[in-house]
Amino acid sequence: ARALTPQTAETDAIRFLVGTQSLRYDNQIHIIDFDDENNIINKNVLLHQVGEIWHISTSPADKGVLATCYNKTSDSKVMTCAAVWRMPKELESGSHESPDDSSSNTQTLELLCHLDNTAHGNMACVMWEPMGDGKKIISLADNNILLWDLQESSAKAVLSSSAALEGKGQLKFTSGRWSPHHNCTQIATANDTTVRGWDTRSMRQIYCIENAHGQLVRDLDFNPNKQYYLASCGDDCKVKFWDTRNVTEPVKTLEEHSHWVWNVRYNHSHDQLILTGSSDSRVILSNMVSISSEPFGHMVDDDELSDQEDQHQEEKVKEPLQDSVIATYEEHEDSVYAVEWSSADPWLFASLSYDGRLVINRVPRALKYHILL
């Protein structure tokens with residue numbers, strides 16, 4: 001398995017979706033519910049009969065709707081396609097009941113629509129508009145950015161605009177993220193060693209970080225609280241933090257992993273907490289206080305800093321700003337391809353390794369109280 005996502009619209013129950021990659025069997029989406037009080041994991045399985053799942057994402061507005069990117073073989077060529085699905089009604093919201101054994105006949109996803117990419121190439125990922133009504137999605141296919149409008153209860157996807165990467169060689173996107181800031185009018189994409197920002201209204205490039213990493217860039221994430229801050233990670237084993245207003249140098253670099261870094265995720269509530277997963281089989285939780293929105297233990301505006309630096313001098317003596325690795329998790333024995341924070345519990349996260357092992361962990365209690373108090 002490589003594909004993991006929290007159920008974004010579910011903010012009460014702790015729930016993750018995992019997509020499998022099996023050549024021999026029908027692929028599946030596993031709905032994982034974590035019952036925090038009793039420390040029990042419940043699982044429901046949905047059949048995804050169209051092929052291996054490479055990427056999975058959930059609607060921010062509708063608990064029952066998700067999108068997958070999957071492999072399809074036609075005429076002995078392998079294509080990566082994307083589709084939007086609905087899960088059965090009774091599975092939409094997180095519940096703590098285990099399915100009865102009697103009724104454990106596996107259910108199937110209902111296909112809502114295909115994101116038709118025959119003209120555009122292989123799909124790398126699908127991103128939902130973060131604050132939207134679940135009707136706008138962007139897919140990255142080879143060197144194309146495609147903006148789709150979902151219509152009629154998502155049964156039809158209409159391509160509303162697109163842009164293409166131009167340049168030498170075969171340019172291909174590896175991943176992208178839709179920024180929650182600027183009224184959701186910006187996305188960032190990664191291709192090869194370059195990170196680019198785009199305006200979704202004009203579909204024009206707004207910034208470009210060439211050679212952001214020494215090797216392929218694998219993943220990106222936006223800081224949820226600081227609108228110009230973006231994290232990237234890649235095959236040079238590094239995680240870098242950028243201020244998109246000045247992209248000549250990263251603001252910070254983390255070099256804790258010993259192999260490719262596949263994933264980087266900011267915590268949705270406390271943006272100093274950064275999760276990374278790597279092919280070194282480790283998950284690392286870092287505390288990047290110095291570039292967070294709470295460097296002094298509370299929210300700070302950029303303008304506020306200059307006026308009040310004198311007052312903060314005493315505080316600095318009291319509590320030095322130190323970026324550090326909080327914990328390294330070594331429960332996986334295979335490459336960790338995905339790490340995600342829960343949408344319902346800001347202190348809880350899941351990681352997924354290729355051998356199909358899903359691990360749920362918490363931010364250490366001492367740190368949690370340190371941040372809260």
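Sequential numbering from 1, following the chain as shown.
Each residue, glycine too, has its Cβ placed from N, Cα and C.
Per TrEMBL, the features are:
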| type | residues | note |
| --- | --- | --- |
| COMPBIAS | 309-319 | compositional bias 'Basic and acidic residues' |
| DOMAIN | 2-285 | domain 'EIPR1-like beta-propeller' |
| REGION | 300-319 | region 'Disordered' |
| REPEAT | 210-246 | repeat 'WD' |
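Here the repeat 'WD' (210-246) is broken down by DSSP into helix, strand and coil counts: 0 helix, 18 strand, 19 coil. When pLDDT is averaged over the repeat 'WD' (210-246), the result is 94.
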